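Notes follow the structure.
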Amino acid sequence: MGKAKFERNKPHCNIGTIGHVDHGKTTLTAAITKTLHDRLGTGEAVAFDKIDKAPEERERGITISTSHVEYESKARHYAHVDCPGHADYVKNMITGAAQMDGAILVVAATDGVMAQTKEHILLSRQVGVPYIVVFMNKCDMVDDPELLELVEMEIRELLSEYEFPGDDTPIIQGSALRALEDPNSQWGDKILELFDAVDTWIPDPQRATDKPFLMPIEDVFSITGRGTVATGRVERGVLHVSEEVEIVGVKEETRKVVVTGIEMFRKLLDEAQAGDNIGALLRGVQRTDIERGQVLCKPGTIKCYKKFTAQVYVLTKDEGGRHTPFFNNYRPQFYFRTTDVTGVCNLPEGVEMCMPGDNIEMNIELIHPIAMEQGLGFAIREGGRTVGSGKVATIIG
């Protein structure tokens with residue numbers, strides 16, 4: 001039995017469920033797969049206990065339990081991430097490689113907004129989850145319509161507080177458990193309503209090839225008589241021969257160069273696109289002018305900075321991290337894309353130390369600039385071993 005071919009006949013979108021523990025994230029995930037399967041005939045129904053017993057994954061040495069399910073709405077194919085534990089969520093959002101295109105925030109109508117509801121919205125803002133749709137769960141257990149209205153108002157205020165459009169965000173009232181029991185009921189209708197909202201509120205993600213060209217430089221060598229070649233994997237966009245690119249990072253000033261040749265697997269290409277491992281021949285560049293850790297990019301699309309705030313997860317001892325806390329002015333290496341840069345951590349006011357297993361927002365200043373933008377991931381390393389993982393939240397300069 002060969003593997004089924006992945007049919008790319010609908011746009012693809014990465015989403016996940018977020019929200020307070022026991023508000024019904026996993027039940028909703030199961031209800032979505034069952035309802036879409038039973039009502040639209042797409043995908044496969046995945047049982048609650050199969051999602052709940054999420055396998056442990058090790059991503060860059062960090063242990064995270066996550067469940068991945070896929071399903072299809074009328075308009076799109078979705079890959080959906082659900083995590084059983086709160087710590088897993090935080091780790092997944094800060095360290096996970098898969099960027100979410102949007103999230104479904106689950107809030108139990110019986111409890112309203114809770115501590116982790118706030119934390120997940122804040123994290124979404126910090127790590128660059130661009131869109132949130134809300135599912136108010138357990139509405140079958142609330143008899144008072146005024147109470148439902150109050151919870152909805154509370155959610156809208158909270159979203160606005162974290163700079164999401166609270167007034168306009170779709171909020172669907174339903175019951176995941178009732179929909180799971182009978183997808184053809186009015187509660188099943190609510191799941192379809194949720195997906196009409198998700199399909200429209202979360203726009204089609206921009207494909208990597210449509211974004212401006214960027215390639216982190218992994219290696220540099222010179223070919224006598226031809227010039228200097230920079231090699232690496234194209235992160236996004238498309239590059240054509242004889243286009244101008246900019247070399248950004250490490251040095252304060254950037255410079256523009258023309259790409260006179262593109263090579264892949266020893267063959268010459270006219271163009272390279274996201275995902276390709278290439279060598280780019282650069283006109284008039286000395287071997288000493290360019291180094292690993294810089295990026296080639298479409299001119300003017302990315303700048304380099306030294307100072308930024310970041311959302312960071314500090315590995316536990318069991319994950320191979322530190323055994324002891326670190327303090328203000330801690331100076332580790334920050335590994336961005338292809339290179340380590342030394343930097344200084346400034347902890348938030350009133351925070352004296354950071355323990356293994358903590359997640360924390362901190363200010364970081366690097367000793368030399370790196371091409372960066374919000375949401376860029378990095379590892380924190382000490383002597384070559386990873387002790388933390390983070391994402392750029394805001395750029396200071």
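Heads up, the Cβ atoms here are built off N, Cα and C, so glycines get one too.
Quick look at what Swiss-Prot lists:
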type	residues	note
BINDING	19-26, 82-86, 137-140	GTP binding site
BINDING	Thr26	Mg(2+) binding site
DOMAIN	10-206	domain 'tr-type G'
REGION	19-26	region 'G1'
REGION	61-65	region 'G2'
REGION	82-85	region 'G3'
REGION	137-140	region 'G4'
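Feature map: Swiss-Prot annotations on the structure.
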residue : record           : DSSP class
Gly19   : GTP binding site : strand
Lys25   : GTP binding site : helix
Cys83   : GTP binding site : coil
Cys139  : GTP binding site : helix
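Summary for the binding-site residues Lys25, His86: the Cβ-based neighbour count within 10 Å is maximal at Lys25. The binding-site residues examined here are Gly19, Asp22, Thr26, Cys139; by Cβ neighbour count within 10 Å, the least packed of them is Asp22. Using a 10 angstroms CA-CA radius around Thr26 (Mg(2+) binding site), the binding-site residues that qualify from Cys83, His86, Cys139 are Cys83. Listed by sequence, the residues of this chain that lie at least six past the ends of the region 'G3' (82-85) yet keep a Cβ under 8 A from its Cβ atoms are 16-17, 21, 25-26, 29, 51-52, 54, 64-67, 69, 92. Under DSSP, the residues of the region 'G2' (61-65) split into helix, strand and coil as follows: 0 helix, 4 strand, 1 coil. Per-residue confidence over the region 'G4' (137-140) averages 98 (mean pLDDT, predicted model). Around Cys83 (GTP binding site), taking its Cβ as the centre, 24 other Cβ atoms fall within 10 Å, counting all chains.
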